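Have a look at the structure below before the remarks.
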């Protein structure tokens, strides 16, 4: 079953944080489970940077499954026999929701370089419009990992009486200088690709080389040195090119870079990376404590101690800020060979924390 589609903001455009406006916004979304009679079991799932609206896919239709396939189903951490789950593709994405590759109704051409700047705050306001469209009066919980964790946090700030619980997996309240630096290098790889053309490449060749390189760097931040050592060590390829895929780890990264080209748009990657960099709960408030003090939801924060992207020190800072703001908080930390991506694949470790956070 493919994602469902709805067009929102058809009468009045959505005013964005940085001053842009978007109307006629297409939103791709999917639902799982059954909404109960009093509509009290709805849970919004917020996807990570390159995710989509379908965390679960029917094995009959797609053998690879969705990005949270092993976590979702009857009796699992994301229990479809108890909760009604909603997940939508984010604003600025390229998986069915309006983004830079979408057709601008004013020009009948892809937005490209004309697509406005988007923030996590804008993404959340579009999600709220979707929830209203679905006639859901209240959310039992909002859950997300990484970029999705930032969205979950913003939900609790913007709509404190609408959300009962927040589950934030592997995400701090703001991005670190080091992480912004990684994103800068990824952006430069794309922007300096000869095919980028200031983002207006849809009638020609896309900046595939730059996007592939960006993805390779990103993959290194999602993994751990121990994981790479176990998988590849210093093993070489039998016929590896001296300046290219000489080591097996290089071949793996090249494969991941090429694989990414078939499923993501370079402009969307640029916009969402910058939204990740810029996110700050204090936007629109005098300071971060004022923003966090609005949260009434019970907040579950989960950290992976050897996460290479959202470092433990930043999660500790986030924990302290939440506590100082009086947010009711459960905090967990533990190591995982999977590093930042643990929230997507390390079911045994994350299952009890997710289940507890949703209770």
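First residue shown is number 1, and so on along the chain.
Including glycine, each Cβ sits where the backbone N, Cα and C put it.
Per Swiss-Prot, active site, nucleophile is recorded for 146, and the stated evidence type is sequence analysis. For residue 146 (active site, nucleophile), applying a Cβ distance below 8 Å and a minimum sequence separation of six or more within one chain yields 48, 49, 169, 170, 171, 309, 310, 340, 343.
Under the heading active site, Swiss-Prot lists 307 (among others). Sequence-distant contacts of residue 307 (active site), defined as residues of its own chain at least six apart whose C-beta falls under 8 angstroms from its C-beta, comprise 170, 315, 339, 340, 342.
Neighbours of residue 340 (active site), defined as other CB atoms within 10 A of its CB across all chains, total 23. Under the DSSP three-state reduction, residue 340 (active site) is assigned to helix. Per Swiss-Prot, the feature active site maps to 340 (among others).
According to its DSSP assignment, residue 215 (substrate binding site) is helical. Marked as substrate binding site by Swiss-Prot: 215, 341.
Summarising the annotation, Swiss-Prot assigns domain 'AB hydrolase-1' to 41-346.
The Cβ of residue 341 (substrate binding site) lies under 8 Å from the Cβ of 222, 223, each on the same chain and at least six residues away in sequence.
According to DSSP, residue 307 (active site) is assigned to coil rather than to any helix or strand.
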